[in-house]
Amino acid sequence: MKSISYLNTKEKNKKKLSIPSKTIFAKENEYGLKKPNWLKIKLPLNNKKINKIKLIMRKNNLHTVCEEAACPNLAECFNRGTATFMILGSICTRRCPFCNVSSGRPSLVDTKEPENLSKAAIKMKLKHIVITSVDRDDLKDGGSEHFSNCIRFIRKKNPDIKIEILVPDFRGCTELALNNISTYPPDIFNHNLESIPRLYSKVRPGANYKRSLELLEKFNLINPNIPTKSGLMLGLGETKEEIIEVMKDLRKSYVSMITIGQYLRPTKNHLTVNRYVHPKEFRELNLIAFDLGFKHAMCGPLVRSSYHAENQINCY
């Protein structure tokens with residue numbers, strides 16, 4: 001039965017990668033609250049750049065979190081020639097109920113991926129690259145050495161490129177993971193808290209709020225000159241006071257960059273949206289972030305952790 005389940009997961013993932021860009025956006029109003037006007041996205045009439053980036057990905061056997069997570073900003077980012085690469089395969093060892101990435105038994109690590117990633121960065125003429133990954137609890141180091149290898153290959157071929165990594169929590173191997181990544185450190189180290197402590201068991205089963213904060217703080221202690229970053233999604237039942245407390249916790253852990261966006265339900269099988277946060281509330285949180293000492297803050301309904309990431313490094 002396990003082998004059949006694995007094949008179904010792989011087949012599902014294969015089909016998902018071939019979905020045309022114009023159909024990847026979840027019609028959330030079919031499943032819950034009516035989607036407000038400020039969340040409606042205009043799709044581009046010309047998909048030439050989108051298709052070009054997809055072709056580069058397929059030729060180099062690469063994945064983007066933009067496609068895997070059904071990001072609402074895919075069309076905009078692809079048309080700007082940017083993408084967030086997802087390494088270590090497209091199958092996650094965890095099953096967070098908010099996330100659209102496939103879960104199951106992952107494949108072997110592709111040792112050619114760092115080189116292929118470097119080639120894609122050159123082909124796309126990237127000045128800023130964001131690299132993330134699925135959770136790989138099956139690997140002794142959580143995939144951290146692979147992150148390090150990707151950074152090394154990219155810098156070798158693209159010495160001027162800015163590299164941002166969005167990492168998992170490296171459960172059970174934090175020290176090893178941070179040592180591996182610090183060998184070839186990025187320009188920005190990002191790990192998303194995603195939600196408030198009270199909702200963690202619901203939103204991030206298998207994760208731990210304190211552990212995630214410690215990961216960010218420990219990286220900063222090892223690499224004090226490299227900015228750390230984190231992100232939150234709203235609309236799952238949190239209060240404004242709880243959001244601000246999380247922001248304060250991040251500052252206590254030396255995090256200097258933050259992104260806050262609206263949670264959008266990928267399918268009817270995922271967590272239900274509790275409410276749609278008005279843009280005015282996001283603007284208020286943006287001001288609060290700067291008052292708390294964040295050097296960069298981006299808060300808005302469609303903001304995601306890598307949204308306009310190329311502009312964030314300018315604050316340093």
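Any Cβ shown, glycine's included, is placed from N, Cα and C.
As annotated by Swiss-Prot, [4Fe-4S] cluster 1 binding site applies to CYS66, CYS71, CYS77, SER306, with the evidence given as sequence analysis. Annotated domain 'Radical SAM core' per Swiss-Prot: 78-295, in sequence order. The [4Fe-4S] cluster 2 binding site annotation in Swiss-Prot covers CYS92, CYS96, CYS99, and the record cites sequence analysis as its basis.
Feature map: Swiss-Prot annotations on the structure.
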residue: CYS92; record: [4Fe-4S] cluster 2 binding site; DSSP (3 states): strand
residue: CYS99; record: [4Fe-4S] cluster 2 binding site; DSSP (3 states): coil
residue: SER306; record: [4Fe-4S] cluster 1 binding site; DSSP (3 states): coil
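Separating the Cα atoms of CYS96 ([4Fe-4S] cluster 2 binding site) and SER306 ([4Fe-4S] cluster 1 binding site) is a whole-number distance of 19 Å.
Neighbouring residues of the recorded [4Fe-4S] cluster 2 site, listed in sequence order and excluding CYS92, CYS96, CYS99, comprise ARG94, ARG95, PHE98, ASN100, VAL101, SER103, VAL134, ASP135 (Cβ within 8 Å of the Cβ centroid). Take the binding-site residues CYS92, CYS96, CYS99: by the count of other Cβ atoms within 10 Å of each Cβ, the lowest one is CYS96. Between the CA atoms of CYS92 ([4Fe-4S] cluster 2 binding site) and SER306 ([4Fe-4S] cluster 1 binding site) there is a gap of 19 Å, rounded to the nearest whole number.
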